[in-house]
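Pulled from TrEMBL, these are the features on record:
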- 30-52: transmembrane segment (TRANSMEM)
- 64-84: transmembrane segment (TRANSMEM)
- 96-117: transmembrane segment (TRANSMEM)
- 129-147: transmembrane segment (TRANSMEM)
- 154-172: transmembrane segment (TRANSMEM)
- 187-208: transmembrane segment (TRANSMEM)
- 229-246: transmembrane segment (TRANSMEM)
- 266-291: transmembrane segment (TRANSMEM)
- 298-315: transmembrane segment (TRANSMEM)
- 321-339: transmembrane segment (TRANSMEM)
Amino acid sequence: MSGNQEPILVKEESVEGIPSPLLKLKSWQWWALVSINIFFLIGGQAASVLLGRFYYDQGGNSKWMATLVQTAAFPILYIPLLLLPSSSSDPASCSLKTIVLIYVLLGVIIAGDNMLYSVGLLYLSASTYSLICATQLAFNAVFSYFINAQKFTALILNSVVLLSFSAALIALNDDADAPSGVSRSKYIVGFVCTLAASALYSLLLSLMQFSFEKILKKETFSVVLEMQIYTCLVATCVAVIGLFASGEWRTLHGEMEGYHKGKASYVLTLVGTAVTWQVCSVGVVGLIFLVTSLFSNVISTLSLAVTPLAALAVFHDKMSGVKVMAMLIALWGFSSYVYQNHLDDLKVRRARKQAQTGQNRTGAC
């Protein structure tokens, strides 16, 4: 094969492992899939964060409802799943009991993580919340090293540092006041919950990557969607149980009646939040599938720099010079990681060509 028509080799271990459809993709096709998932992640996360903040600002106060909408729209993922080839015809790599156990474990982790983020966003200012969320890259660096055997280079380290610094710049430059009526004890609860959520989110990404590579051993996008659907199903069930067990369901009618923008806006806000969270989640899992959990986390952190642009357009927020600088730094860090991935791809291509050349010479002898 010539230049741009050679299959992309995403992970070096894929050459020695089970044959993957990713190996059949041309370079531009792989980059197209990665770009689509990046768009889903950044766009979905920016929209969901803005809608979540809008929900609280306009009178919403249910933490369990804010948790529930983060996974409740999972049935819409059956649409693309039905359009994709079924993975059920593939040879079973593990038992049904193991698969169910994976889905339940990850689903419970997702529900707990969503709840922690909901509490953190309720009790913290936007600046403190964003700054703490940026720590997820540091957590993921640790988890990916121990769980996924992630190797770090100077470019990857540069990317992590720049993106973390960018998120910190945006957070420190935020002029928003602390939420009114929040006591010192609630502030501490919000701080601890957001920090724990960042760590748990990073662990979740590494566990998903580990499940794809070591347990499920199926490299099809239908497997990605199935994991997203069934883990969200479990997380939604946990959130519904929490909503009724806590008694918050009794306050929802009054919350809708007192919503500042009206009942229709209340419903649309929750529906929109649910849909955009699913779009974001597909991007997250898709990038884990196509690249690594660390790359997915880097893009998640990049969205912290993109969200102010969306806020500028929707809420007419002020765009200071520091925020513009932070976004440029984030783009620099993002480009650094993408370039490292490009170098890794070239390295694997060369190794594969050398191996093929060696085999041809041996055959000729």
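Even glycines carry a Cβ here, placed using N, Cα and C.
Just so you know, TrEMBL annotations are computer predictions that nobody has curated.
Recorded stretches compared: 64-84, 187-208, 229-246, 266-291, 321-339; the one with the most Cβ pairs under 8 Å to the transmembrane segment (30-52) is 266-291. For the transmembrane segment (64-84), the neighbouring stretch richest in Cβ pairs under 8 Å, chosen from 96-117, 187-208, 229-246, 266-291, is 229-246.
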